[in-house]
Amino acid sequence: MIKSVLKVFGTQNDRIVKSYMKRVSNINVLESTYEPMSDEELQVAFNALRESVKSGEKSMEDVLYDSFAITREASKRVLGLRHYDVQMVGGMVLHDGNIAEMKTGEGKTLVATLAVVLNAMTGKGVHVVTVNDYLAKRDSSEMGELYNFLGYSVGCITADIQDDAGRKAQYDADITYGTNNEYGFDYLRDNMKVRLEEKVQREHNYAIVDEVDSILIDEARTPLIISGPTQRDQNHYARADAIAKQMERGEKIETKPGEDEKTTGDFIVDEKNRTIVMTEQGLQKAQDLFEVDNLYSLENAVLSHHLDQALKAHNIFEKDVDYVVQDNEIIIVDEFTGRLSEGRRYSEGLHQALEAKEGVEIQEESQTLAEITYQNYFRLYNKLAGMTGTAQTEATEFSQIYGLDVISIPTNVPVERADRNDLIYNTEKEKLDAVVRKVKEYHSKGQPVLIGTASIEKSEMIHERLKKEKIPHNILNAKNHAQEAEIIKNAGQKGAVTVATNMAGRGVDIKIDDEVRSLGGLAILGTERHESRRIDNQLRGRSGRQGDLGESQFFLSLDDNLLRIFGGEKIRNIMNRLGVEEGEYIDSKIVTRSVEKAQKKVENQHYESRKHILEYDDVANHQRKAIYAFRNQLLDPEFDIDAKIKENRAEYVHHMLAEAEIFEGMPKEDFDIEKLAALIKEELRIEVDPQYFKDKETEELEAMITEMMENIYEEKMSQLEPAQRNEIERILYLQVLDPQWRDHLYEMDVLKTGIGLRGYNQKDPLTEYKQDSYKLFTDLVERIKLEAVKVLHLVQFDFTSPEEEEEAIEQIREELESEVADASLNQSFEEGVIAEDSEKLKPITGTKKPKRNDPCPCGSGKKYKNCCGQSGPKKGLLA
């Protein structure tokens, strides 16, 4: 019934596409206007449109049809490619700030040019986001010819552009291509800069995200982090690892309804959620081994955390599946692409736990200096759009998190690929034997085959079997991806057999010739279902581009993780009832539906996880926005810093009276004026006779102290030129703000790590986190204000010449910039992307400056930040 109704009325997507198609006719009629024009005439016509939008005379909507028509005509002349009508629909979907779902080979790169050209008319910049440097360089170069013809400048941000001036030049272009991590890290670095002119990014106007599902869904659990070393006890990791090895893995025992849950062993592994649950027996054993009474008490939170990570390292994370050991290092394997993510480290001590497990050198844990998730970074843009071949399965998440609707664009030519039912075997061995038999069948007639695997381990197993059968083949996994694009490009040639993990080169088309078409096209064999239907669809989509012939089929076994964890018993029962013998398989739509149901369960779990991360990051995001906004004000020479200092000074005086226990409404005879005078001497180095404050009301005391501070401050500042005064005030304020913000981020990390334990007390961890983080933030703001006033009050100048003055200012600037450069060495990701080469931005330094929490080199026994590193006296400028 539902199907027949849909045939008559169509789906909502059909109706949306139909409405766009009606608008395409308005573009097509303009072809006869622009086609006869010379190149110069076409460029003049376009410039007139561009100027009308930039000046505000017309809106982008007013010129959309003409812009699209001119872009198509220019593309025909420059690239030799004419946009299809369905590509025009895709361009309008992107312009409207939505996601265009387009099948492999439908020309997404060309579609993007329509929306890019139109939106670049505002002069505010357009960012095109790709998944790797190769695609950013390729697309900016190929499409750049079209943009240049229309008078636009094109930039490309890649990891090899190291200097700020070079990166700024790329961002200043009308259109900029780059990877998601380059854009994100530049944003974080910009908000650590000490001069406004050093910032490289412009405003976040409009972005088109290519492979949007990979970046906004798969990597949404991936906070971009700039970090620095922290002072943590490295012995915790080895100790936790030793204890984890003594703990025995148990399991839940089935009990009758109403009976208490029973378990064996010291801990249970929850494979669905990838967590460890300690049993009562295990808790007691761990407490005995750690020699503590309560492992979950606040003072032992670090021990319980490290033990949990050590147990995860030994029981959940697998070598050659989740990570590899190379050159005495743990290197993460990206779960979605299969690539080695060199330079990326797990956070919260998990990476150190894996290092302890594998017996490699345990590297120092890091402290967060700046952080943002992709979710919150991309929500900075005034308008966001995306394109991919697979988005409908995550349409709800795109809508709820990013406000993006997914519109499926029809193919220009109908898809001819045959997608066959899954074949399900009892065991892994039977399945792999069947895959090899099928490969031999295809290979014997020359039909190319692409075999998709979910891990390095599985691709190596297939590789060994094919080698044994003497079938020539290419293998592409995290251990061998240098020639990735070339191997994938050639996977459609006659007789080619290619084994690839999920990395199978997105953005690189597999083309086939007429001979291969006559053999049936490219055959896709999946060796197991991925947790996400999208990844399976991406593998299928490698075949059948632009109406080519092709086929796809998945080979599964009850040993596969997805079936074993999510619903394998149900399928096993079906197989037992059918009496499936060894080597036989089930080819059933019922079973295929059961597999898809299991995938939906996992997808929902991942969605909840991403939503959970966003809920926590939203709390930090409000704080980050407030600090960054104020920081930007401090960088602006036009900002009235004197008014801010005056406002903060009043708060400082109020705080000082409170410290002296003098409050409004108290009888003045109860005022401890001796304590107040002592505080003023200690904090501000001003000698005051306590009798000076005798018999004064609170308001009078505030006015007197404020006047004293103002007089001293103005007398000191009067020797400076207004511009120098402004710069010194801004730089010193930054010198207070930045370290305080970094310490706050560390406190937030500690809070987040332990907040889950509040659930044991029947409290909602998220609510608790919001309350505690708000308290931390209000304390931070208070500390920044008070510390800034104190530093500015205590600063003394002993310049003998303008040159010495400028040298002293430059000295502080360089120190702040050195901290930023140092931090740039420590870019990392919590769970999912390749970090940059840490040597790139390495500053040239002499003697290494002590970190804030290091012991002071003067030998006082105090921490550096509480001794010679205080925001107080400095040679030349501060005394």
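Every residue gets a Cβ built from N, Cα and C, even glycine.
Site annotation (Swiss-Prot, ligand ATP) includes GLY105, GLU106, GLY107, LYS108, THR109, ASP509; from GLN87, GLN493, the additional listed residue is GLN87. The binding-site residues examined here are GLN87, THR109; by Cβ neighbour count within 10 Å, the least packed of them is THR109. According to DSSP, ASP509 (ATP binding site) is assigned to coil rather than to any helix or strand. In the structure shown, the C-beta of GLY105 has more C-beta neighbours within 10 angstroms than that of any other entry among the binding-site residues GLY105, GLY107.
Other than the site residues GLN87, GLY105, GLU106, GLY107, LYS108, THR109, ASP509, same-chain residues with C-beta atoms no more than 8 angstroms from the centre of those residues' C-beta atoms, the ATP site, are MET102, THR104, LEU110, VAL111. In this structure, of the binding-site residues GLU106, ASP509, the smallest number of CB atoms within 10 A of the CB marks ASP509.
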